[in-house]
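Everything below concerns the one structure shown next.
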Amino acid sequence: MGKEKTHVNVVVIGHVDSGKSTTTGHLIYKCGGIDKRTIEKFEKEAAELGKGSFKYAWVLDKLKAERERGITIDIALWKFETPKYHVTVIDAPGHRDFIKNMITGTSQADCGILIIAAGTGEFEAGISKDGQTREHALLAFTLGVRQLIVAINKMDSTKWSEQRFNEIIKEVSGFIKKIGFNPKSVPFVPISGWHGDNMLEESTNMPWYKGWNKETKAGAKSGKTLLDAIDAIDPPQRPSDKPLRLPLQDVYKIGGIGTVPVGRVETGVIKAGMVVTFAPANVTTEVKSVEMHHEQLVEGLPGDNVGFNVKNVSVKDIRRGNVCSDSKNDPAKEAGSFTAQVIVLNHPGQIGAGYAPVLDCHTAHIACKFAELLEKIDRRSGKKLEDAPKFVKSGDSAIVKMIPSKPMCVEAYTDYPPLGRFAVRDMRQTVAVGVIKAVEKVDKAGKVTKAAAKAGEK
């Protein structure tokens with residue numbers, strides 16, 4: 001068996017017709033968690049419906065339809081393996097809610113796979129000024145995705161043309177460079193997601209193709225196929241090295257034990273004996289024990305849903321939406337105000353200063369006022385369009401100063417990603433999403449329990 005493989009999350013980006021469903025379907029199908037029985041069932045259905053030619057995309061459509069109907073699909077279906085990694089596809093291609101999912105999604109993508117259709121006209125449509133591709137790639141970059149793989153798909157439709165491949169590399173390099181990626185660190189792979197060329201095995205149809213290479217801080221790497229390129233992703237730095245952030249989902253009072261906050265560790269580590277601070281409640285106390293699934297844990301790591309017992313704190317002191325942190329290592333604080341880049345998705349009117357919708361950020365659900373619209377920016381290029389706009393409407397992106405109506409704890413996205421992205425809810429729908437750029441933190445004296453004071457003296 002050997003060592004457990006490292007997990008990486010990829011997000012697949014590309015125009016609706018770039019063939020990303022087929023390509024993703026192919027990888028999941030060939031290297032993934034779909035068992036033989038399910039595949040045979042899907043293939044039979046596809047053939048009966050005369051969709052034989054779409055079998056990979058069809059597999060994906062089936063999965064997607066089931067997911068959207070709320071049938072919980074075995075999440076293994078969205079996974080595949082490379083020699084080095086367990087890969088999870090965190091946003092399935094072609095999703096209407098791509099932007100919302102990317103920003104409010106639970107996981108952070110480690111790498112983007114940009115799928116470009118090589119066919120004449122198709123490539124141009126995908127990358128045109130209003131192109132979705134551009135926007136999704138910029139969004140991935142804004143959300144901290146720094147590794148990218150470009151798969152140039154449907155090479156069969158260009159008769160496997162080297163000239164077309166090089167032409168596209170040139171265009172795409174310029175395009176991703178504008179966003180902020182370094183083309184030298186990006187593998188460009190010519191593929192056919194449908195026929196399987198250069199997906200897992202080297203293609204015999206493109207003898208001119210000598211392979212891809214990339215240079216990153218981790219050194220130079222080269223390979224032939226898309227699978228090679230995914231296997232060559234630089235291993236992500238995991239958030240266990242960061243200071244602790246654990247947003248509370250609930251706080252229970254358990255007879256004979258006391259107060260037990262519950263939540264998911266987003267960054268850092270929590271263990272018994274630690275002195276923790278809850279923000280914005282501003283209460284500091286000692287952790288007596290940590291458990292998961294009713295078993296004692298030595299430590300809770302990022303991704304773990306834990307319950308932990310705290311001394312001398314009543315259920316009234318802390319609540320859902322509070323954030324637990326290490327009192328000695330960048331403790332969490334209340335946010336007096338913060339600036340964020342907000343993308344308006346669907347709002348029927350105009351949004352101006354004074355608008356005060358509810359923000360969902362980690363487990364907090366609190367109204368925040370749009371105090372000032374600082375600038376309007378171009379969603380596709382990230383460039384400033386105007387200073388201090390009066391209003392923003394659907395489709396606009398703006399830098400906004402926001403003030404919470406009640407004490408709230410949030411962080412800059414670059415410091416603690418899960419606490420730095422939010423959804424704006426109004427009229428029972430998500431009207432906008434945002435990424436926090438900077439937070440003005442409030443310093444004030446808080447309550448330190450006897451247990452914490454004692455533990456601090458040790």
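Just so it is clear, glycine is given a Cβ too, placed from its N, Cα and C backbone atoms.
Here Swiss-Prot flags 14-21, 91-95, 153-156 as GTP binding site, drawing on similarity to another entry. Met155 (GTP binding site) falls within a helix when secondary structure is assigned with DSSP. Same-chain residues at least 6 positions away in sequence with a Cβ under 8 Å from that of Met155 (GTP binding site) are, in sequence order, Ala118, Ser161, Phe165, Pro190, Ile191, Ser192, Asp197, Ser203, Asn205, Met206.
Per Swiss-Prot, N,N,N-trimethylglycine is recorded for Gly2.
What Swiss-Prot lists as N6,N6,N6-trimethyllysine is Lys79, and the listing cites similarity to another entry. Cβ contacts within 10 Å of Lys79 (N6,N6,N6-trimethyllysine), excluding its own Cβ and spanning all protein chains shown: 18.
Taken from Swiss-Prot, the feature region 'G1' covers 14-21.
Here Swiss-Prot flags 70-74 as region 'G2', drawing on similarity to another entry.
Under the heading region 'G3', Swiss-Prot lists 91-94, citing similarity to another entry as support.
What Swiss-Prot records for 153-156 is region 'G4', and it gives similarity to another entry as the kind of evidence. Remote same-chain residues near the region 'G4' (153-156) are listed as 14, 18-20, 23, 115-119, 122, 165, 190-195, 197, 203, 205-206 (criterion: CB distance under 8 Å, separation of at least six residues from the stretch ends).
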DSSP assigns the residues of the region 'G1' (14-21) as 2 helix, 1 strand, 5 coil
Out of the binding-site residues Gly14, Asp17, Lys20, give me the one sitting nearest to Lys79 (N6,N6,N6-trimethyllysine) by CA distance.
Lys20
Just to confirm my parser: what is the rounded mean pLDDT across the region 'G4' (153-156)?
94
